[in-house]
Amino acid sequence: MEGQKPLKVAVLGCGVVGSQVVRLLDEQAGDIAARVGAPVEIAGVAVRRLDAPRDVDVPSDLLTTDALGLVSRDDVDLVVEVIGGIEPARSLILAALENGASVVTANKALLAEDGPTLYEAAEKAGRDLYFEAAVAGAIPILRPLRESLAGDKVTRVLGIVNGTTNYILDKMDTQGAGFEEALEEAQALGYAEADPTADVEGFDAAAKAAILASLAFHSRVTAADVHREGISDVTSGDVRSATDMGSVVKLLAIAELVSTGSTTGGGPAEPGVSVRVHPAMIPRTHPLASVREAFNAVFVESEAAGQLMFYGPGAGGAPTASAVLGDLVTVARNHRQGTRGVGESAYADRAVLPMGETRTRYHVAIDVDDRAGVLAAVATAFATHGVSIQTVRQEGRGDDAQLVVVSHEATDAQLSATVAELRDMDIVHDVTSVMRVEGTDE
Ligand SMILES: NC(=O)c1ccc[n+]([C@@H]2O[C@H](COP(=O)([O-])OP(=O)(O)OC[C@H]3O[C@@H](n4cnc5c(N)ncnc54)[C@H](O)[C@@H]3O)[C@@H](O)[C@H]2O)c1
Ligand SMILES: N[C@@H](CCO)C(=O)O
Ligand code: NA
């Protein structure tokens, strides 16, 4: 390696993740050089403000506020984008690729919104675009999907892919903590996005679900294709209801191959995909139920391999930087050898199933009059919409009773119509908790 020409890397953004990338590039320089086959040196670090406080000391001659100027430099071989958001991140990545650099990014929002533009630019430039950090932080999940499982058929991906919301739900479950207090803790720990609405309302998880679905099913899935519900409507009542039935509430990202019912040319229907993010009750015995605090986990089901689980830190500066540097070593090695790694694989053009047609189960808690005929009337509302009931639990409370119904699988549209009808019934005082049930054997 002695005498090898160093590879120059531009780091765009020096926040929670960027500062750890800079720190590790320095601290691990010897090992990284040995693994790449040439030293990897920082060409510059683009920041918004030169005098902002930072978690890492950056020599002042490396700092610049001109990110575009930095990625356009002739001596830049590699670009790490950890600014986040759509613009200027997209323009900077496109400029970097056009300039012949290979790119590593952690930007799930951009990949989920406009991934194909970036993939096409990488293809045209003959350069790598890697983004392991974009989904589930440090957990290796994209490379297993893109490479290790490339010979198998993935049928389902079920994951906890947002650390902030898992942290909040976990604190609500184990400590009875309030929502705001738990969110503030997650922000202080560096898990939350700059605007935590992206976490709380499920946008961050939906972006990750789109990326996972694209890679798992070799089809283009964008954020707009993902049905999204966040956790801001999850109440302590929902959390208690889950506890009462031996379950726990988690924000899940689910991507699955499903039958669309439509046939092409009279042949069998090509499976479509259903991609959704919503809170759900899962049994406490399910492996995902034990994913605590800000940890993430992704379950993958495939035809030949069976069930795989990937678990670890999904957020935070250093864990995310670990994934960024893993990609950086790979793309640096490829860059040096004039080769490329795996590009986009989207040959299967799959339809996205509307949420109304997606089959789910529901948990519905209903406050009702405690008198004859009420249970039958509630059961009739379910039956009218073709929803079969699996269990009913009743608790008396003076003049009132609470019914907790868990349905068998039905379409989401049937279940929503049932809940709407229940809300209109005179004997129903209130529908206090409505939540999908996942991770059971049905
Ligand atoms: N924090 C995490 O746990 C985590 C995990 C996985 C992925 N990510 C992703 O990593 C990326 C960065 O996240 P973060 O948590 O480090 O965010 P951050 O807000 O801490 O850092 C972003 C930095 O970019 C800087 N910046 C903004 N515009 C700039 C510009 N034009 N030029 C140069 N710098 C600019 C900001 O000043 C800020 O310091 C995002 O895409 C995020 O989604 C974060
Ligand atoms: N805000 C994200 C960071 C990781 O992408 C989370 O909480 O999981
Ligand atoms: Na990852």
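Counting starts with 1 at the first residue shown.
Backbone N, Cα and C define each Cβ position, glycine as well.
Curation does not apply to TrEMBL; its annotations are automatic.
Some features that TrEMBL has for this protein:
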BINDING   Leu12, Gly13, Cys14, Gly15, Val16, Val17, Gly18, Ser19  NADP(+) binding site
BINDING   Lys108  NADPH binding site
BINDING   Glu193  L-homoserine binding site
ACT_SITE  Lys208  active site, proton donor
DOMAIN    363-436  domain 'ACT'
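Mapped onto this structure are the features recorded in TrEMBL.
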residue: Leu12; record: NADP(+) binding site; contacts (Cβ under 8 Å, 6+ apart): Gly18, Ala46, Ala67, Leu70, Val71, Val79, Val80, Glu81, Val82, Ile83, Ala89, Leu92
residue: Gly13; record: NADP(+) binding site; contacts (Cβ under 8 Å, 6+ apart): Ala46, Val47, Glu81, Val82, Ile83, Gly84
residue: Cys14; record: NADP(+) binding site; contacts (Cβ under 8 Å, 6+ apart): Val22, Val45, Ala46, Val47, Arg54, Val56, Val58
residue: Val16; record: NADP(+) binding site; contacts (Cβ under 8 Å, 6+ apart): Asp55, Gly190, Gly316, Gly317, Thr320
residue: Val17; record: NADP(+) binding site; contacts (Cβ under 8 Å, 6+ apart): Val82, Ala106, Ala133, Gly317, Thr320, Ala321, Val324
residue: Ser19; record: NADP(+) binding site; contacts (Cβ under 8 Å, 6+ apart): Arg54, Asp55, Val56, Gly317
residue: Lys108; record: NADPH binding site; contacts (Cβ under 8 Å, 6+ apart): Phe131, Ala134, Val135, Asp204, Ala207, Lys208, Ile211
residue: Glu193; record: L-homoserine binding site; contacts (Cβ under 8 Å, 6+ apart): Gly84, Thr164, Asp199, Asp204
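Shown for the domain 'ACT' (363-436): DSSP residue counts in helix, strand and coil, namely 24 helix, 35 strand, 15 coil. Within 8 Å of the centroid defined by the CB atoms of Leu12, Gly13, Cys14, Gly15, Val16, Val17, Gly18, Ser19, the record's NADP(+) site, lie the Cβ atoms of Val11, Gln20, Val21, Val22, Val82, Ile83, excluding the listed residues themselves. Listed in sequence order, the recorded positions among Cys14, Val16, Val17, Gly18, Ser19, Lys208 whose CB lies under 6 angstroms from an atom of ligand 2 come out as none at all. Among the binding-site residues listed (Gly13, Val16, Val17, Ser19), Gly13, Val16, Val17 have a CB atom closer than 6 Å to some atom of ligand 1, in sequence order.
Under DSSP, Leu12 (NADP(+) binding site) is assigned to a strand (E or B) in the three-state scheme.
Ranking the binding-site residues Gly15, Gly18 by how many other Cβ atoms lie within 10 angstroms of each Cβ puts Gly15 at the bottom. Classification of Glu193 (L-homoserine binding site) by DSSP places it in coil, neither helical nor stranded.
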